[in-house]
Amino acid sequence: MTNSNFNHGNHGSNLPARLFTKQSQALIYNYKEAAVQRMLDFDNVSQRDTPSVGGLIHPGSDGGMYKAFFGFKELVIPVYNSVSEACQQCPNADVFLNFASHRSAYQSSLLALREPSIQTVVIIAEGVPENEARSLISIAKKLGKVIIGPATVGGIQAGCFKIGNTAGTIVYIMACKLYRSGSVGFVSKSGGLSNEMYNVLSRCTDGIYEGIAIGGDAFPGSTLTDHALRYEKLPEVQMIVILGELGGWDEYGIVEALKKGEITKPICAWVSGTVAKIFPTEVQFGHAGAKSGGETESADAKNKALREAGAVVPTSFEDFSNVIAATYAKLQSKGLVKPVEEPTPPELPLDFKTAVKAGKVRKPTSIISTICDDRGDELSYAGVPISEVCKEQYNMGDVIGLLWFKRKLPPYASKFFEMCLKLVADHGPCVSGAHNTIVAARAGKDLVSSLVSGLLTIGPRFGGAIDDSARVFQDAVDNNLQPSQFVEGMKSKGKRIPGIGHLIKSADEIDKRVVLLKDYAFTHFSSTKYLEYALEVEKYTLQKANNLILNVDGCIGVLFLDLLHSSGLFTQHEIKEIIDVGYLNGFFIVGRSVGLIGHALDQRRNKQGLYRHQADDVHYAL
């Protein structure tokens, strides 16, 4: 049957007989990591000397290098930010594998077609607009280039070159013996069915020489007929297997070629979609080109035409493997195919993640985490799903309880945490931390650098006395020291008492923050033993100087002791660990970070210039 509407793609066929060799290399656009590694794994079992991936293209990137494995060795693959740069730097790469979406596949494919070094363009995307597909086909024909796709999984030349994810995993490739060449040329519209057919052909014949999935869109860049005519020219191919589908006219091109004697090698063919005849109206079957339309486009009509033209066509798909096996057996009996010498493919090492999952290796971990888990579907804090944290409106005190103390704390405790954060958030621009942050911000440093500049001043003299005050006051109480004994003991050691004393606050000018903390504790804590002891110490130190008051660091430190001891949530061992590890200074660090960020932003917002200290405020003692 002849039809003027028959689409021959790059027809005549002007396609070169041989698309790939063991030296073929691909440039992969908008690359996918799994596809890159699968191609390289295929190279390894096929005993290629050079990797089939020449370069990767990540449009808009800064380039760089991508690491993958080539057998046991790690390979560094260059990453380029444009098609032209990649082609210039990789002149031996003649295949362009395009993983761009249907929205951008046209432009990137067009750029590749115009590069002299690129001979074959593979378009993976499904749903490329038909006018764009036709434009690419026309341009490719004028330039003498080959397009596979759109809407294709790609293709494979056994033991030679694999396109992207064709044939799936390395396990499947080994099972189908795709690591060495057979004598069957296979072409299909469907990528999924082509994978299944590789398995069938490995069992019924000596395997494929080459397999191509042209893609299921209405306008493929190259057709079933194009590739069948290619296989006719390849001396390694002894028989051709074709898997078509209803819709379109492509299969009639093969019918014409058979009738004209352009194809003389035996063809086994099947057109899927015979079930379409039970539907009264046109139905779409998956692919854009698979439509149950007119009678001549039906699977039954195509199968009949192919059979009448000389192709071996089964009565059903279930019988396809039998006719393939019978056809191959005839070739064997005529001596046209010789037994394949089975090579021993090199062993492919397991990826570490795969080996761990399979329980084949063990490895000591590098990090222990007991506070959160980001595996699975949802992040959790100390076992509490993040969705629950949001749904139940956990406050920052609750979150600190989970991530620092590994438990949900009672409301009075989490509110105390929040109160501490609020009270230490800022204490003006003149303190050392804020001053450093301001100087750094005015020097043009970024937000993180300005923040860190201020945080680095936190220590025993500024904001870092919470842990130390908790340690010394707990030791004094636990050893039953009288306040006077404690103070004089510290004095005799030549040490200041952490948490006692302030530069500007005094008994006459009290620190309102300390008042707020004391009031909260007396109202909500079941015991304030350590606070009461600290206040007795304060009475004694005030006899020595009016500014030797219990400051905010000291007050927070002793109140944490009261909270930890009276809550009933912590063991003595846990309390000791919390104080020894240094949890408590964390509250000052987190809280003060809010204020330091505020100062940095304030300076930048007000466009303050470089800070230089006044010379008259310096005593030059030379």
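Every residue, even glycine, has its Cβ placed from backbone N, Cα and C.
The following features are taken from Swiss-Prot:
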- H287: active site, tele-phosphohistidine intermediate (ACT_SITE)
- 228-248, 279-305: ATP binding site (BINDING)
- E245: Mg(2+) binding site (BINDING)
- L306, R307, E308, A309, G310, A311, V312, V313, P314, T315, S316: CoA binding site (BINDING)
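Here the features listed in Swiss-Prot are placed on the structure.
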residue	record	CB count, 10 Å
A228	ATP binding site	28
I240	ATP binding site	27
E245	Mg(2+) binding site	26
L246	ATP binding site	27
D300	ATP binding site	14
L306	CoA binding site	24
E308	CoA binding site	13
G310	CoA binding site	15
V312	CoA binding site	19
P314	CoA binding site	18
Legend entry - Distance from L246 (ATP binding site) back to E308 (CoA binding site), taken between C-alpha atoms, in Å: 18
Legend entry - CB within-chain contacts under 8 A for L234 (ATP binding site), separation at least 6: A17, R18, G185, Y209, E210
Inset, instruction - Can you grab the distance from the residue listed as 'Mg(2+) binding site' over to D300 (ATP binding site)? Cα atoms, rounded to a whole Å. - result: 10
Legend entry - Integer Å distance between the CA atoms belonging to L306 (CoA binding site) and A228 (ATP binding site): 13
Inset, instruction - Specify the secondary structure state of V312 (CoA binding site) as given by DSSP, simplified to three classes. - result: strand
Legend entry - Reduced DSSP assignment, L234 (ATP binding site): coil
Inset, instruction - Can you grab the distance from P314 (CoA binding site) over to D300 (ATP binding site)? Cα atoms, rounded to a whole Å. - result: 11
Inset, instruction - Could you find out if DSSP has L246 (ATP binding site) as helix, strand or coil? - result: coil
